[in-house]
Amino acid sequence: MGMRMMFTLFLLAVLSTTVVSFTLDRASNGRDAAADSKAADQIAQTVRDECCSNPSCAQTHPEICRRTLMLQNPLNHDMSPSA
């Protein structure tokens, strides 16, 4: 086997390793993004619940609590929009 053939096989091995590593990394990033999104949703829900249970926070941020109430009771059409 000549030097040129050995070098070609070496490049082929490096390229295939890079491709496999790149695709595996992208697949794991997709799973991480989904987990991050779920964690962010849980954090937002906790902050929303704590704010809406505190009258001064609920008064300061009515857009958050109004949205929470509408999600809990979507048939309630009597809610006035916040100014």
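One-based numbering along the chain as shown.
Quick reminder: no glycine exception, Cβ is built from N, Cα and C everywhere.
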Disulfide-bonded cysteine for CYS57 as listed in Swiss-Prot, from CYS51, CYS52: CYS51
Inter-residue C-alpha distance, CYS57 (disulfide bond) and CYS65 (disulfide bond) (nearest angstrom): 9
Sequence-remote partners of the signal peptide (1-21) [C-beta within less than 8 Å, at least six residues beyond its ends]: none
Neighbour tally for CYS65 (disulfide bond), based on other Cβ positions within 10 Å of its Cβ: 21
Helix, strand or coil at CYS57 (disulfide bond) [DSSP, three-state]: helix
Nonlocal neighbours by CB distance (under 8 Å) for CYS51 (disulfide bond), same chain, sequence gap 6 or more: CYS57, ALA58, HIS61, ILE64, CYS65
